[in-house]
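Features of the protein shown, as given by TrEMBL:
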| type | residues | note |
| --- | --- | --- |
| ACT_SITE | A:Asp53 | active site, nucleophile |
| BINDING | A:Tyr111 | substrate binding site |
| DOMAIN | A:9-105 | domain 'Pseudouridine synthase I TruA alpha/beta' |
| DOMAIN | A:144-246 | domain 'Pseudouridine synthase I TruA alpha/beta' |
Protein chains: 2
Amino acid sequence: MTRILIRIQYDGSGFNGYQKQLNGRTVQDALERALSVIHKANSWPCTSSGRTDTAVHGLNQAVHFDTPLSISMERWPMALNSVLPDDVQVLQAMTVPAGFHARYDTVGKVYRYRIYTTGSRDVFRRHYAHHVKGNLDPVRIQKAAAHLEGTHDFTSMTSAKTEVVDKVRTLFRVQVEQNGDDLELVFVGSGFLYQMVRVLTGTLLKIGSGEWEPAIIPQIIARKDRIAAGPTAPGNGLYLEDVFYDEESLQAYLRELDEPAGGRT
Amino acid sequence: MTRILIRIQYDGSGFNGYQKQLNGRTVQDALERALSVIHKANSWPCTSSGRTDTAVHGLNQAVHFDTPLSISMERWPMALNSVLPDDVQVLQAMTVPAGFHARYDTVGKVYRYRIYTTGSRDVFRRHYAHHVKGNLDPVRIQKAAAHLEGTHDFTSMTSAKTEVVDKVRTLFRVQVEQNGDDLELVFVGSGFLYQMVRVLTGTLLKIGSGEWEPAIIPQIIARKDRIAAGPTAPGNGLYLEDVFYDEESLQAYLRELDEPAGGRT
C-alpha cells in the first residue's frame with residue numbers, strides 16, 4: 001500500500017460540509033465514491049486535515065488515502081477528476097510516508113473570510129462572499145486582530161456545542177487585507193475549533209462597524225463563554241485556503257503576508 | 001394603473017430558465033410571486049424582453065408590469081428585493097407609458113459568452129464560464145465574426161425546434177474581447193432566435209480551435225440547416241448583458257465597444 005496526499009479544491013455551496021454524515025451531500029462522500037470507483041471497491045476511506053462546515057469552500061484542502069494501485073502521481077488528479085462531480089477537483093497528488101496523517105501532522109492552517117460592503121448584494125457572489133451593509137473600518141479590525149494573535153483559550157470563540165476539551169489554540173496571524181472593493185480577513189493558526197473562524201469574524205465585524213471597541217477582545221477571551229463574542233458569520237464567505245505540514249512552508253506563507261499586497265500573487 | 005419597467009439581475013445556475021413552465025423553478029415564477037406578495041394578490045403577471053435558457057444569467061434583463069400601487073420608483077427595487085429569493089435582484093425601476101412593451105419595443109440586445117482556456121477547470125467558475133481545453137485563436141474567431149454581422153437568415157444557427165417562422169435577424173456586432181485570461185464573445189443584435197447565441201458560440205469555438213476555417217460562416221448560413229453549424233455551447237457561460245429600448249443607448253453601447261478595452265468600465 002502507498003499512502004497518498006492529495007490537494008483538493010471545492011465549491012462548498014452545493015455541499016453539507018466536508019465530513020460525511022447520515023443526510024446530505026458531502027465532499028468526503030464525493031471523494032470516497034470516486035476512490036471506490038477507481039479501486040473497484042464498495043467503499044474506500046480517506047482522511048482530511050479537518051472538516052469544513054456547510055457552504056464553506058476549500059482552496060487547497062489536504063486529504064490522505066492508501067492505495068495498492070500503481071498510478072503515477074501525475075495521473076492521480078486526472079483519474080480522480082474524471083469520476084468526481086464538477087464542484088470538487090483534485091489539484092495535486094504526492095506520496096507520503098505510511099505514518100503520515102493529514103489531520104495530526106498539520107503545523108498550521110489558513111482560513112480566509114471574504115466580505116464586500118459596496119453597493120447592494122450581488123446575486124453572483126451570494127455563495128462566495130458575505131455582504132455587509134454599511135462601512136467597515138479596516139484599521140479598527142486590525143487593532144482588534146492584534147489582540148487575537150498568540151496562544152489563548154478560545155472557549156468564547158467557538159460553538160457552545162464543541163465537544164473538544166482543550167480549547168487552547170495559537171493564532172500566528174490575523175490580518176485584514178483590502179482586495180479591490182473586498183475586505184478579507186486572514187487567519188493563520190495551529191488549529192481551529194468548531195466554527196471558530198466564523199465567530200472570530202462575527203466579532204471582528206462588530207468592531208469594524210463601530211459597535212464594539214477593539215479593546216473588547218481580551219475581555220471576550222477572558223469570559224470563556226460563547227455568549228461574550230459576536231454572532232457566527234455565515235459560512236459562504238469562508239475559505240479553507242491552505243494546510244501546512246512543514247514549518248518552512250508555514251513560515252514562507254507568513255513572510256508573504258508581510259509583503260505589500262501588490263507584491264503577492 | 002401605472003406601467004413600470006424594472007431592470008433585474010439573476011444568477012441562472014439555480015433556475016430552469018427565465019420563462020415559467022410546468023416544472024422547475026424559473027425567474028418569472030420568482031418575480032410574479034414577489035409581485036403577488038406586494039399586491040396582496042394570488043398572482044401578478046409580468047412580461048420580459050424575452051426568455052433565457054436554463055443556466056443562462058441575466059445582468060440587466062428588462063421586465064414590465066402594471067400596478068395600482070403608489071410606491072415611488074426609488075422604493076420599488078427595495079420592496080421587491082425584500083421578498084425575492086437571493087439569486088434574483090431588482091436593480092432599478094422606472095415608469096413607462098401604458099403602451100410600452102418589454103418584448104416588442106426592444107431595439108437591440110447584448111449577449112456575452114465567457115470562456116476560459118487556462119489551466120484545468122475551476123470549480124468556482126463552473127456555473128459562470130465555459131471551460132475549453134486547448135488554445136483558441138481570437139484572430140480566427142474575429143475573422144469569422146465579421147461574416148456573421150449584418151442581416152441574415154439564421155436558420156442554420158438556431159435550434160431545429162424553433163417555432164418562429166421568420167428567421168431573419170440582424171447582428172450589429174460580433175466582437176471578441178480578451179478580458180484577463182478570459183475570452184468573451186459579445187453579440188449585439190436586433191433580436192435572437194432560440195439558442196442562437198449558443199449555436200453561434202459553438203460554431204465560433206470550432207473556428208477558434210482551428211478545426212474549421214473562418215470562411216465557413218457564409219456557407220453555414222447559406223445551407224439554412226441547423227446541422228451545418230457547430231454544437232450548441234452550454235448555457236452556463238452565457239449572459240444576457242443588456243436590452244435597449246432607444247436607438248441612442250444602443251449606438252452608445254456600440255461606440256463603447258469600439259474603444260480600447262482599457263478605456264471601458
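Backbone N, Cα and C atoms are what each Cβ position is placed from, and that goes for glycine too.
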Note to self: Restricting to the chain of A:Asp53 (active site, nucleophile) and a gap of 6 or more, list residues whose Cβ falls under 8 Å of its Cβ, or answer none.
What the structure shows: A:Gly17, A:Gln195, A:Arg198, A:Gly235, A:Leu238
Item checked: For A:Tyr111 (substrate binding site): intrachain residues, at least 6 apart, with Cβ closer than 8 Å -> A:Val186, A:Phe187, A:Phe192, A:Val197, A:Leu238, A:Tyr239, A:Leu240, A:Glu241
Next item on the list: Determine, from DSSP, whether the residue listed as 'active site, nucleophile' sits in helix, strand or coil.
Entry: coil
Notebook entry, point to check: If you average the pLDDT over the domain 'Pseudouridine synthase I TruA alpha/beta' (A:9-105), what number do you get?
Noted result: 97
